[in-house]
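Novice: Questions regarding the structure given below will be posed in turn.
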Amino acid sequence: MVGLLQPRQMTSFCAIASVANCIPYSSSFSSNKPSFFKHQRKDPVVKFTCRAKNDDQRPETTTKNGENSPEKLDRRDVLLGLGGLYTTSLAVNPMAISKPALPDFKDCIEATQPNGTPINCCPPPLVDEVTDYCPCATTVNIRKAAQSFTVDSDYYKKYSKAIQKMKNLALSDPRNFLQQANVHCAYCDGGYTQQGHPNLLYEIHNSWLFFPWHRWFVYFFEKICQNLIDDDTFALPFWNWDAPAGMQIPPIYNSGVTSPLYDTLRNPKHLPPSVVNLEWFNDDATVEPEVQIKYNLAIMYRQMITQSKTQIDFFGNPIRDGDDVPKISASGTIEITPHNHMHSWTGTSVDPNNPINMGVFYSAARDPIFSAHHTNIDRLWTIWLNQLKGTNITDPDWLNAYFIFYNEEAKPVRVRIQDGLDITRLGYAYEEVPIPWLDASAKPKSRTKAKTLPSAPDPAQVFPTTLDKPINVIVKRPKKSGSGSSEEILVIEGVEYDKRSYVDFNVYINEDDVNACRPDNAEFLGSFSNLPHGHQMSVKTDRQFRISEVLEELGAQDYDRVLVTLVPKSNPVKINGIKIKFDP
Ligand code: C2O
């Protein structure tokens, strides 16, 4: 393990990286030119800043928009690169005229707290010209599991010094700790509208923007830490809540009020030795820690494997130019659970109307543990790609979507999703720690398999309805005709709720006694959750579950109907229907 801790030197990597991999922002893209270029000359110079160690190795590249870079990169290479992307995605996206959904940075507007009170969480306004950023790290720092550090370690001293310095910066400095939290707030609580659509709010949750946006956020947060302690080998830790060793608030975040890594606004019931509940919703368990750990591992398996078979499952729904985000968005599996649930576990008091820092998006990043929560989310992305053989989206509307962050020098930079997909270029990797959930699949409750289902109404007799008590319905399975996928998806259609409210409900299949069903039972499909954020607005979304594998596990693959049970855990939501369809 020790060998892993040394940053790896990568001598010649950067010289190739930024040119070959950071395709200049294309000219067709410049018709989309963001409003922060408003004072710019007509023919903008696209400037890639490259923070290589050796200037001779990787000079700053300045290239005229649309032209070859000074490195004389063969234009064919660039086009081939683009062509590759576009060809693949045209196949998936016949509506290729679409464009990415982009945030409008011209004006950051007032956001709203869940109780409706407006909050100004706009980071300091952009004064400097925004530079296009192309990462090209020359070394790789290892992000380690937070539980491996003690509070008397040198690492802890460094880390807390960096956070203290961030907290001490003037509020006018966008690198200030609170301003960094504001960057998150503005991006998700309605601080920005969508470029070209002043009536549509922009937002980075509940869609395919979730993973990449948070990766870039944490990336610059880490760079700022490095800069403030003048140590570019510094790496943030990850909160390894997916493995037993990390299933508590790590000691470095819990060392008392004087520690810069401490936050008083956490659920007092969940301080160590309380074990995390990856699907918590105001339901403090009475189970023993070992049992909760077993549940957590099954939840991880379900979310990362059983329910994450495709890109849409894992990343969430596409969001494109002009989409009304709250209307069409749907989160990926991991964003819902454990991401949302770990926010509320950490930062929601027993009274869900009284959220505290982590429990609600506008204030979540005011808790220093936020970045460790998100490095772990980011690590799960790498596990899904590497261990679980998932693949990244190739749709240009994802690849070309961009965000603005402040870099370690407090300068605004524009980053595209496609330039953040290779974490080696970003200069970090994750320490390899055991992943015990890889073989923790849920098992059917012990009873006769595929027993006769109790009688229950047809969905058409029940929906639409308000989910204010448990609902049972018997849903017919579709008949498979012709070729095409035979993978069945259970769709909870049109889940409607106010975006500012906590929402949570559980979904079970072929379970006649939900009170006795546990997270490590295959009958428990998972949950739906919303963390309060944004302006008052009604959201209508579908929640889907893959059921073919589960039905097989339950020995019910030959039955022509299934029993579905919804159990509310929060404010009631409206549900419009339930059906089973084949995976398109
Ligand atoms: Cu943007 Cu974990 O939140």
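Glycine is no exception: its Cβ is also placed from the backbone N, Cα and C atoms.
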Novice: According to TrEMBL, the disulfide involving C108 connects it to which residue among C122, C134?
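Specialist: TrEMBL says the disulfide from C108 goes to C122.
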Novice: Which cysteine out of C22, C50, C121 is the one TrEMBL pairs with C185 in a disulfide?
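Specialist: Of the candidates C22, C50, C121, the one TrEMBL pairs with C185 is C121.
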Novice: In TrEMBL, the residues H184, H205 are said to bind Cu cation A. Which of H214, H270 is said to bind at that same site?
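Specialist: Site partner of H184, H205 for Cu cation A, according to TrEMBL: H214.
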Novice: Do me a favour and check the Cα-Cα span between C121 (disulfide bond) and H214 (Cu cation A binding site); whole Å is fine.
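Specialist: About 17 Å separates the two Cα atoms.
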Novice: Looking only at residues six or more beyond either end of the domain 'Tyrosinase copper-binding' (205-222), which have a C-beta under 8 A from one in the stretch?
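Specialist: Sequence-remote neighbours of the domain 'Tyrosinase copper-binding' (205-222) are 101, 135, 180, 183-184, 187-188, 234-236, 315-319, 325-326, 329-332, 335, 339, 361, 371, 374-375, 377-378, 381, 393, 398, 401, 403, 405-408, 413, 415, 417, 420-421, 426, 428, 531, 533, 541.
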Novice: May I ask which of the recorded positions C122, H339, H343, H374 is closest to H214 (Cu cation A binding site) if we compare their C-alpha atoms?
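Specialist: Nearest listed residue in space: H374.
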Novice: What are the other residues, in sequence order, whose C-beta lies within 8 angstroms of the center of the C-beta atoms of H184, H205, H214 at the Cu cation A site?
Specialist: Y187, C188, I204, F210, W213, F217, F361, A364, H374
Novice: For the domain 'Tyrosinase copper-binding' (205-222), report the average pLDDT of the model, please.
Specialist: 97
Novice: Out of C122, H339, H343, H374, the recorded positions in the record, which is closest to H205 (Cu cation A binding site) when you go by Cα distance?
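Specialist: If we rank C122, H339, H343, H374 by Cα distance to H205 (Cu cation A binding site), first place goes to H339.
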Novice: List the residues in the vicinity of the Cu cation B site, defined as same-chain residues other than H339, H343, H374 with C-beta within 8 angstroms of the site's C-beta centre.
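Specialist: The surrounding set, listed in chain order, is H214, E335, P338, N340, M342, A364, F370, H373, I377.
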